[in-house]
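TrEMBL has this to say about the protein:
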DOMAIN    B:31-104  domain 'Phosphoribosyl-AMP cyclohydrolase'
BINDING   B:D78, B:D80, B:D82  Mg(2+) binding site
BINDING   B:C79, B:C95, B:C102  Zn(2+) binding site
2 protein chains.
Amino acid sequence: MAEFDAKTLRYDANGLIPCIAQEAATGEVLMLAWMNAEAVECTLETGRVTYWSRSRGAFWVKGESSGHVQELVELRLDCDRDCLLALVRQTGPACHTNRRVCFYTAVRDGQEVELMSPE
Amino acid sequence: MAEFDAKTLRYDANGLIPCIAQEAATGEVLMLAWMNAEAVECTLETGRVTYWSRSRGAFWVKGESSGHVQELVELRLDCDRDCLLALVRQTGPACHTNRRVCFYTAVRDGQEVELMSPE
């Protein structure tokens, strides 16, 4: 067992690490977004999952404007320390399209198939 | 419904897109690795999940050397078309450390806690 230090994760050239959000209760993969070291620390300190928005270039406390917050259940890291898995309790839909998850499009027989509608 | 074209996904500056592998039967998140457009096409054509190894700079047919193959059940894409989710049937451990999944380290009370041992 070692003390966790967000600075020891392996970030990309932009100082970011991908974080997969998974609903703790169902195992459903909700989304993938990015964190920098401060976002990782903030997520652990507040228990509210916080990403770095690459499009806005700003911290993004998930659900801050929509109310669709992610309460952290447990943060995990992978063998290479270059990817995170956040087990969460998601309030409302995780996707900005108002669908439950972002991965609502499947590839079946060479076609894109929509698996769920906005809530 | 639209025809799927791997070239219409959004790749990063290195031509890569992250792909989350999830065990179809259990929902367990196994690993995250990267694909380029050719790896996406190859995965769909062969039904064998194929990544692009950033460290080796080469295609990486998962399990080709270890036997720990990932049989594709379904490929999904996210709302932004910049992340993939592969539902798979994993043979053997997914992680190169011989653990079932790569996300075997949790952060609990500021400490890194190992959740599973090599098989």
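Glycine residues also receive a Cβ, built from the backbone N, Cα and C atoms like all the rest.
Shown here: features listed in TrEMBL, placed on the structure.
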residue	record	DSSP (3 states)
B:D78	Mg(2+) binding site	coil
B:C95	Zn(2+) binding site	coil
B:C102	Zn(2+) binding site	coil
Report task. Please list residues from the chain of B:D80 (Mg(2+) binding site) whose Cβ is under 8 angstroms from its Cβ, counting only those at least six apart in sequence. Result -> B:R10
Requested in this report: Determine the Cβ neighbour count for B:C95 (Zn(2+) binding site): the number of other Cβ atoms within 10 Å of its Cβ.
Outcome: 21
Report task. Looking only at C-alpha atoms, tell me how far B:C95 (Zn(2+) binding site) is from B:D78 (Mg(2+) binding site), rounded to the nearest Å. Result -> 24
Query raised in the report: In the structure shown, which of the binding-site residues B:C79, B:C102 has the fewest other Cβ atoms within 10 Å?
Result: B:C79
Report task. Could you check the binding-site residues B:D78, B:D82 and say which one's CB has the fewest neighbouring CB atoms inside 10 Å? Result -> B:D82
Query raised in the report: At the level of the C-alpha atoms, what whole-angstrom distance separates B:D78 (Mg(2+) binding site) and B:C102 (Zn(2+) binding site)?
Result: 22
Report task. Measuring Cα to Cα, tell me the gap between B:C102 (Zn(2+) binding site) and B:D82 (Mg(2+) binding site) in whole angstrom. Result -> 22
